[in-house]
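Taken straight from Swiss-Prot:
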ACT_SITE  E189  active site, proton donor
ACT_SITE  E405  active site, nucleophile
BINDING   Q43, H143, Y333, E405, W450, Y466  beta-D-glucoside binding site
DISULFID  C208-C217  disulfide bond
CARBOHYD  N221  N-linked glycosylation site
CARBOHYD  N415  N-linked glycosylation site
CARBOHYD  N436  N-linked glycosylation site
SIGNAL    1-22  signal peptide
Amino acid sequence: MAAAAAFFCALLFISVQHGVLGGYTRNDFPADFVFGAATSAYQYEGAAAEDGRGASIWDTFTHAGKMKDKSTGDVASDGYHKYKGDVKLMTETGLEAYRFSISWSRLIPSGRGAVNQQGLKYYNNIIDELTKRGIQVHVMLYHLDLPQALEDEYAGWLSPRIVEDFTAYADVCFREFGDRVSHWTILAEPNVAALGGYDTGEFAPGRCSDPFGVTKCTVGNSSVEPYVAAHNMILTHAAVVRLYREKYQTLQKGIVGINVLSLWSYPLTDSTADLQAAQRYKDFTYGWILHPLVFGDYPQVMKKAIGSRLPSFSKVQTELVKGTLDFIGVNHYFSLYVSDLPLAKGVRDFIADRSVSCRGLLQGVRFIAQTMQAPTRSMGDPHGLQLMLQHLKESYGDLPIYVQENGKYRKASSNDSLDDTDRVDYIKGYIEGVLNATRNGVNARGYFAWFFVDMFELLSGYQTRYGLYRVDFDDAALPRRAKRSARWYRDFLKSKRQPLQIAQQ
């Protein structure tokens, strides 16, 4: 969910000069490293009202006209009907792995109770098709698309009741698909879901309170709800991991982890205050989620700044959540510079609690720190990804790490070009960043391009394109055509030598 990254700060994109030295091939990566691409259910599947699928909070959000282009994911890329052709394209591209998410409301329309047999058949068909073609299956149980029935019943992630219902849903997935799926990500970007859905109001379910919401929300509390939602997501993750480890892992031999948006933050200056601000940004962004799952509690800097608004873990909960990661999944798109801000007095939200200011280097490009607005330009910083991966190792130990989303978008236009050389350069540079991290001892296990095909974007609808394959959304047949980036990825995966990009500050 690349556009979502923008909300975490004024979205700085680092401009990096590159020189060429040597080269790399697919074979320069460890033998157990996989290259793939990814999609998510609401953004890809479409078929919103077909075969018994229940509504999700994103259906409600988009149908209320909340998207800037007034679009919905009702059709999206029509992956529900076109998955076989897309898997064929994956094979032709040489993908070694594919990461997709399951729509909870397609599998269990009301969020609990009876399984929708048509939904079960659909996901079995996808998994079988991938397995038949030798593509490793990576499944994400939740990509921000909560069943609307549970939102209506008890406000979804704001209630501890979500833990039981989600765990029951996960049990169905492990039971039905676990014989062919060995890589499970429980939640996608809980840091994004909590902030965008419950502070700024720019993501479903669109809750916020004045003066913090970017749009006018009718319900919400931006000072409290982001922390409550994230807390329940952490407890849910832990409960699902315990279920998997106790009931399935010995037999299925799979691994379970979580996914977080993980941008790199540089201090704007070398002052002590800015150095602390850069670390505070990391603690508030991904330490918010990872620190409890590794150590059993929130970062101390968050506890101090937020106080009683931050939920606490009981002793039993601490033992439940601690050590519940077999791997870390990260979504990374760019880096940013941050500087210190004094902690504001009075009512604060997450952004004010974090107390940092973000700066960009590109003149004439405005970003607003309080929003998640999609950036208009993206200049990559592969070295930032390398530093972020190394920081995760230093902070959380030698856990395997998968880069589960990385990509660059272009604005949609009537004459979308297939010649996306800028995306090729971007991906090439970021793969180099991962390679350098592995050479420095990081236990990186995979890289997934985001998206495989153009899809509905959660912030910008159909106004931006991330895919390796172009989807013509003006054609009812939604034909796919390979972009230059798809051809480059195919050649790379066939081990053709690629120029190595060396960052020069």
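Using the three backbone atoms N, Cα and C, a Cβ is placed for every residue, glycine included.
All features noted in Swiss-Prot, drawn onto the structure.
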residue: Q43; record: beta-D-glucoside binding site; Cβ within 10 Å: 24
residue: H143; record: beta-D-glucoside binding site; Cβ within 10 Å: 27
residue: E189; record: active site, proton donor; Cβ within 10 Å: 30
residue: C208; record: disulfide bond; Cβ within 10 Å: 26
residue: C217; record: disulfide bond; Cβ within 10 Å: 21
residue: N221; record: N-linked glycosylation site; Cβ within 10 Å: 19
residue: Y333; record: beta-D-glucoside binding site; Cβ within 10 Å: 30
residue: E405; record: active site, nucleophile; Cβ within 10 Å: 29
residue: W450; record: beta-D-glucoside binding site; Cβ within 10 Å: 25
residue: Y466; record: beta-D-glucoside binding site; Cβ within 10 Å: 24
Which recorded positions sit within 10 Å of E405 (active site, nucleophile) - Cα, from H143, C208, N221, N436, Y466: none
From Q43, E189, W450, Y466, the recorded positions whose CA lies within 10 Å of that of C208 (disulfide bond): none
Proximal residue to H143 (beta-D-glucoside binding site) among recorded positions E189, C217, N221, N436 (C-alpha distance): E189
Where the residue listed as 'active site, nucleophile' falls in three-state DSSP terms: strand
For N436 (N-linked glycosylation site), the number of other Cβ atoms found within 10 Å of its own Cβ: 21
Euclidean distance between Cα atoms of Y333 (beta-D-glucoside binding site) and E189 (active site, proton donor), Å: 14
Largest separation between Cα atoms (Å) of residues that the record links to beta-D-glucoside, namely Q43, H143, Y333, E405, W450, Y466: 18
Y466 (beta-D-glucoside binding site) to N221 (N-linked glycosylation site) - Cα separation in whole Å: 33
In three-state DSSP terms, the structure that Q43 (beta-D-glucoside binding site) belongs to: helix
W450 (beta-D-glucoside binding site) versus N436 (N-linked glycosylation site) - Cα distance in angstrom: 21
